[in-house]
């Protein structure tokens, strides 16, 4: 185990006071009756917040991971209650990651013409990787945290990458200074360069058919983020090859369907005229779900100078009830590098998808279907391209728990047990708001595939 991860593990029991009730805190539920999430209110004058803890619904007492495991063995924790603590931590990690990206976005847009020795988007991606790894290890214990992601320590280890590494360390420490706003204790001192490298090295892993690991997409939709458009942070927990929870952070996601067709400058003008509040907001959201809940939730990004209190005005979302392809909205891909637009658009036309398509980037397509803004998403990769598990795991479980379907083009569930790639994927991915639409799309793929050149 890397040194940094080991030190985190050694300090967890003392920091979290595992197995004991901390009398300095009053724990109370802030979610609906089906939730086991809680927030903590500090009674003392100590300014440092605690780590996230959990409260069981049966006895409302403080519980540690050890106690929770004992309760599971005894059958006292039902399946829907599982992963509540992990989901709470994951949502906070993605909230902080979106905060970081929003802070950096104006910089990378305004400096897009400057000849940097490194890409600002690379700084953002590596910084998100570090932030998420640090929070998961800090709150869940490093022995419980393994991460697979697209960024690894090799990117920063080269001697000619010193300026990039310096920028990442600076960005990470500035973000972690805001950790108490998100209910996470900030580090006692700024992270050193060696510590940042050590944290990132903990996420230089591969997937597995057994055991537990996290899959992270630190900055999905780089083309959109570079021009101030849509992008996402995706985080999911995979256990024995199955996704058990997923969180999507979409900082620029328009909260009204008709705004997708507006120019970015017009969206910004509307946002200025109608400032967001805790109940309504114009853009940006966190969408999340966990296995077996049959529910997906959406909450706003944390407002400036506000403190995060679970569930942060979350609202339940569900897929559209439209089951007629003539009335359905199709998520039109924007990226052309790794997918066949010709086949996808031809297929959409052949099945009668005549509505104005919704033009969205990458993982935002999953968000659009889960929120009911669209009904159909298809992606058929070009020959030789392998879909990565971190690009689809979070979105897949969110749509499924919101009432939709996500499979490969044969109708098989996506298989996240074969390593970093969706190795057993049959031709492509099909996501729909319900079984009726899904069956029609699958049939159309079979009928059209032979004549395609893919």
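Backbone N, Cα and C atoms are what each Cβ position is placed from, and that goes for glycine too.
Small disclaimer: the values here were computed from a predicted structure and weren't measured.
What TrEMBL says about this protein:
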BINDING   150, 219, 391  Mg(2+) 1 binding site
BINDING   220  Mg(2+) 2 binding site
Residue 391 (Mg(2+) 1 binding site): tally of other CB atoms within 10 A of its CB: 20
Cβ-Cβ neighbours of residue 219 (Mg(2+) 1 binding site) (radius 10 Å): 25
Neighbours of 150, 219, 391 excl. site residues, C-beta within 8 Å of centre, Mg(2+) 1: 125, 149, 216, 217, 218, 220, 234, 388, 390
